[in-house]
Structure formats: structure tokens, C-alpha cells
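Report on one structure; see the data block that follows.
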Amino acid sequence: MAKGLQGFLWTMLLLFCAIQELGSWAMHTAVEGPGLGEPGDPALLAGGRVKRGWVWNQFFVVEEYTGTEPLYVGKIHSDSDEGDGSIKYTISGEGAGTIFLIDEITGDIHATERLDREQKTFYTLRAQARDRQTDQLLEPESEFIIKVQDINDSEPRFLEGPYIGSVAELSPVGTSVMQVMASDADDPTYGSSARVVYSVLEGEQHFTVDSKTGVIRTAVADLDRETQDRYEVVIRATDMAGQLGGLSGSTTVTIVVTDVNDNPPRFPQKMYQFSIVETAPVGTAIGRVKAEDSDVGENTDMTYQVKDEEGVEMFKVTTDSNTQEAVITIQKPLDYESKKVHTVVVEALNKFVDPRFVDLGTFRDQTIVRVSVLDVDEPPEFRPPSNLMEVQEDAHVGSVVGVVTALDPDTANHPVRYAIDRSTDAERIFDIDAKTGAIVTGKVLDRETAGWHNITVLAMEADNHSQVSRASLRIRILDVNDNPPELATPYEAAVCEDAKPGQLIQTISVVDRDEPQSGHRFYFTLAPEATNNHHFSLLDIQDNTAAVHTQRVGFNRQEQDVYLLPILVVDSGPPALSSTGTLTIRVCGCDSSGAIQSCNSTAYIVSATLSPGALIALLVCVLILVVLVLLILTLKRHHKSHLTSEDDEDMRDNVIKYNDEGGGEQDTEAYDMSALRSLYDFSEIKAGDGGGGPGEGGPGRNPASELHALPQWVQSPDLDFSVFRDYICRKVEQADEDLSVPPYDSFQTYAFEGSDSPVPSLSSINTWSSGSEQDFSYLGGWGPRFRQLAALYAGRRGEEDGEES
């Protein structure tokens, strides 16, 4: 059935072609058709009418015939053929016997092969008619043509590809880019099989094509090579003038946007790749990239920046002014586990732009930098990073304050152990569970002592304690009402004796170490033991202060000059706490203007009891005084024992000052001369030096004789003071080296008695004569008070006379 339908269709197609070419066939047959007799042929009839010898139609065959039976082409016939089979028809020429076969009896011609008009459009053959018996030509040999009828079996083809065109950036709309042409192998003279039209299949938003000529033009005026330097435009060519059923072919046209004379920077690569370890510190350089510019001079100066949002956050780009390279550095710590590859878009810009292209904007180019993060073994990370915890100050020891969590960011995910850096919690106020990270209280908390605690928590891998992370944790101690309010200061007030009732004496305020979230609210009242007083009143002002007023007319400080007023202060809790403070009020004398003139210090206690705090303070003061007294006594005892141990070798000058002349001649007990003698024991000097000095004698000399001569001061060039100087220097050096004893140096003053005294001075300082010139016999006449002194000097005089003799 399918074969019958196919044969029917081909038959109809042949009929259509025959009808279409009927006019041209008739003309060709009448003028040039084969079978016409030659001039002089007897077949020519009288009157000029030609008798035809050959009879056939114009021959056509449709290309690409796919039937199974030979395709009927046409029939050649001689008018002398009577149909008895006596005439034999033969053909010769192109395809005769192979492509075309003829029936010798009927003259029917069939095509036995599939023809292709695009390979050969027609075939030229010659026909013969012979007598079958004699093989003589009955008709002269005649040439005829079999044309191959075209069908639309060839699509348009672009034979000149690949097509690469170019257009200058910023060209106006309609600028010609290039022309493309497609050829169709079908017969251009038959129908519309070879009529081709063009259209844009891809890229129509930027380019158009002329449907007839194939000229590609720009569709927009803002082509920018810095944004996109090439376009892939697909052009389609369709035959049958674009009608439905036409065949089509396409080609890709690469259109390069060429640069105008703006010379923007260009990266030689569109992608760069670098790698960096995830532990690299911030500021580490990852790599360098450079954009090239065909310009010279200052126009090649570059500025680089990161364009994509991710890159701006993670990386920083700076420009090396010497090499004009972009130096890419880390701006934020990297994490291999979070992101293994970062893509950064780096843009290069010219610093200096040609003014002619200012309206085009800043010339720039971009490149992609791929940064691969390399994995390393990292310490645990705290999550979440919250560093604030709160706990009530009355929390019991062992109460959980909060939990810190740290995870190993590596793929292995090792278990984590926790600890507290004890340098930040030396008092061990908090502890931490090594496995869970739960922070608990280790001691009783007190917000008033320390309201905040800053500790450092350590997190380390369980099998590698060298991988340690630290997190600062701030713990806020929340307040509870555990401190009673107290008077802000030990208030003291004064009231004039002539004060009137209702007069303001003092405004009271309090302090509370607690800090309730809702704020302080204090209540004031007189203590129970002072509620019966009729002297003063207390008014709560409702703003955390209270006012004390007088309640009577006038005061008498002779009767009572001091009043102690106990005041009870209660806070708002919870729980409500209270304390009692005392206001001291003194009764004073005032002038007419109310200015205080004087106040007495005698106190009259309104309440005979003292608060526990006052008692404790009093006991502490007494204890401090006792300790100070004991300390002073201990120091004095130690000092005396030290002086006693060095008494034998202590040689000090004492300041002995006499402010009176004594009791007269009868007073023999006023002064003890032995005290003076003990200060001038020169036995150490004589033992250490062996002699020398005034009255130089032998080693067996009597010390009493030297004491007798002590008051005499004889200034002589022969005196040697080296003994005294050495001794004094030695003692000064010992005193300087011993820092535990007070200074022993003193200044001895000799005072002149005055000119009104009837007795001249006994001092030897002003005595300029030698010992031999002194005569102390007159001392015997001074009375019993000077008898001992006269005997002393008389004995000294006698010894000197004996030595002289």
C-alpha cells in the first residue's frame, strides 16, 4: 500500500511538471523538434507543409526518485510505425543502456537509476528507427534531451566559513560588521527552491542581519570591549524564501569588538590560581597579578581593587608602585573546613584617563583569582563565640554558671578537653568540667566585692594538648539584696538656741551597696527608741532623702547641748533590709542673722544604746591603741638593752644646760660633780694611744690628776688633737654604719653668766693663760659652796708645783 501511494505521488508530480512545461515543449517541438525532414526531403509536402517523421514529447525525469519500479520517462515514435512490430527503436548517448532503457518495439524509455539534478541537470541522447528485417534506417537519427526535474532537496550552505568579523566598540546602531552568503544547489530558475533569506538565530539583542544581502549590522550603540570583547552570533539561511517547509542551514559568526584609542588595562590571563595554608596570618601575601596596557608613560599606572563581595571581605589588594603589580593579601582568617576555594575578581584601572573618553567612564579590566586553601591541623574553635555569662551572687558553690562549647574544625573532629587559665582566676572562684565545658562556681560570690570576673577558658585536643585555643569569658555577678542601706556620712547638724518649730536642720541621704534593677527606694523613720522625743521630727521626702525639722520652740545648751537622733532606714528589698544611723545635733549660740557663734561639746544621748557597728568600731580603735603602746614599749626596751651593751665604749657629748645660778653659797647638793667626771674618762684614749695631749705623762699616771686639770683650757702650739680627732672620727664611722640606733651626737653649750655676777666665770674657754699662771687660792674665800672646788684646784696646783721643782 505504501508503494502504491508513493507511485501515485510521483505520477502526480510528473503530471504537474508536464503541464508546467507544456508551452515550452510545444514551441520546441514546432521549431527545433527532432524528426523534421531535411531540405529536399520527399516528405515535404506541397505548399510548404512539413511532414513529421518522429513523434514524441519533451522528456523530463524527476530527481531523487525512490520507487522500486523503473521510472517512465517518455516514448519515441515514428509516424511510419503501423504497430506491427516491424520497426526497431534504439537510443544512444549519455546514459543509454545503463540509466535509460528503451523498449525496441514500443519506443518507451524508462530510467532505472536514481538521478540527482545537483550532479547532472540533463542528458543528451540520439534516437534511431530501423527496419527490423533489413536493419535499414527508416528515420534519420535524431538527438533529444532528457532533463532532470529539480525538487527542493538541498539546504543552503555557508561555504566561506568560519566567519570572523570585527566592529569597533561604541559604534553607532546600524554599523556594518560583515556579510555572509549561503548558496543553494537547487535550480534557481525553477520555483523558490534556491531563494534564500537570512535571519539571526542567536545574538539578536546585539546584532541584526539583512534578510536579502546577509549584511550583519550592530543593533545597539553601547558595545563595550572592556565588558565583552567578542560575540558568537548564529546566522540562519532558509530557502523557499523563508516559507514553511523550506530547508535551512546555519553558521556561527564570531564578532570581535575592537578597541578604540582608549587603551584600557588588560590582564594577560583571565584566571590565576594560588594556594595558601589556612593558618596563614592576616596580612600574608598570596600572590601577584599584573594587567598590561599598550599605552606608555603615566597611562600605564595601575590601581587594583577587589570587585566581588566575597573577595572584599576576605582579601585585600594593594598596588606595588615599582612593578605595577597587584599584591593580594589575606584580610580575614581562612578556614579550610568552611571553604576550600575562594574566587576573587580583581579589577585593574588606569590612574590617568584621556579626557576624550571621560564620558566613557574609568577604563578597567577584570581577572579571576582562585585561591585554594590548604588544610592544616588546627586547634579547637569555640562556638558560639558569646563571651558573657551571668550568675546570681547568692548562688551556691557548685552552681552551673554556663557551658562553653568548642569543636575541632578539622575533618578528624578529635574530642576536646577544657580548662581555665588559672593566671586569670588565681583565687579559683570558678571551675570547669574538662569534658562538658560546664563552668561552675568554686567559691561564694559577692557582687559588692567583685561584680565582674574575666577568665580565660582553654580548649585543647584530647590527644594533642599543643593544639590549644583560648576564649575570654566575662562573668557578670547579678545583684541580690544582701546589704542594708546606711547613712551616706556620719551626719552632724547644728541648731540655734532660738530655733523655731518646723525649721529644717538637716537633709539625710543614704547609700546602698546593692544595685537593684528597678532602682533604689528607701524609707525613713525614727528608730523605736527615739519615737518619744519631742525635740525633732523626721520627714520622708519620697525621693530617697529625708528632712529633719525642729519640733519645739528654742533650746537651752546649758541644759543640753548635744542630741543624738537615731534614724531607721529601710530599702525596698526583696527582702527588705534596714539599718540605724545616728544624727548628731549640737545646740549652738547664734547671732541675730542665724550664723553660729559657738557650740558646746557635752553630749546628751537620746538613746542610751549604741548600734553594733559603733561598738565594733570602738573596740577596734581600743585594740589598735593597745597594740601601739606595746610596740613602743618593746622598741624602748630593745633600745635600752642596746645602749647598755655599748655603755663602756660610748663617748658622747651631752647637752647640759643650766638655766639658773643655783641656791647660793649654802647649796652644796645642787649639782653632782661626779656626773661631769664620768663623761671625761680618758682611760680608753690613754690605753689606745699611749700618751700625748695636754699634761703628757707616763703610763702610770693618776687619772684623778687629769680630772683636776680638765677644766683648764690651755691653748698651746704644742697640743696634739689627733687623739680626739681619731676617736671622734671612729665613733662617727661606727654610728654611720649602724643604721639601727638613733644618732648619739649632741652639742654642748657653754653659756656666759653675764657681767652682773659678782663671781667671775669659771669656764676655761676664755682662759688664755697657761696652767702655771692660774691661781685658784681665792676659791677658798667663796664660802662653803665652793670649798670642794677650792680643794680640787688647790690639789692640782700643788702637783704642778712639785713637777716644776
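Glycine is no exception: its Cβ is also placed from the backbone N, Cα and C atoms.
Those TrEMBL annotations? Automatic predictions, nothing curated.
Residues annotated as signal peptide in TrEMBL: 1-26.
For the domain 'Cadherin' (78-158), residue counts in helix, strand and coil come to 0 helix, 40 strand, 41 coil, using DSSP. Annotation comment: TrEMBL describes 78-158 (among others) as domain 'Cadherin'.
If you look up TrEMBL, you'll see 159-267 (among others) marked as domain 'Cadherin'.
For 268-382 (among others), the entry in TrEMBL reads domain 'Cadherin'.
Here the domain 'Cadherin' (383-487) is broken down by DSSP into helix, strand and coil counts: 0 helix, 50 strand, 55 coil. The feature domain 'Cadherin' is assigned by TrEMBL to 383-487 (among others).
Marked as domain 'Cadherin' by TrEMBL: 487-604 (among others). Averaged across the domain 'Cadherin' (487-604), pLDDT in this predicted model comes to 87.
Residues or ranges marked as transmembrane segment by TrEMBL: 614-635. Within the chain carrying the transmembrane segment (614-635), a Cβ under 8 angstroms from the stretch's Cβ atoms is held by residues 582, all 6 or more beyond its ends.
The region 'Disordered' feature in TrEMBL is assigned to 687-706.
Summarising the annotation, TrEMBL assigns compositional bias 'Gly residues' to 688-700.
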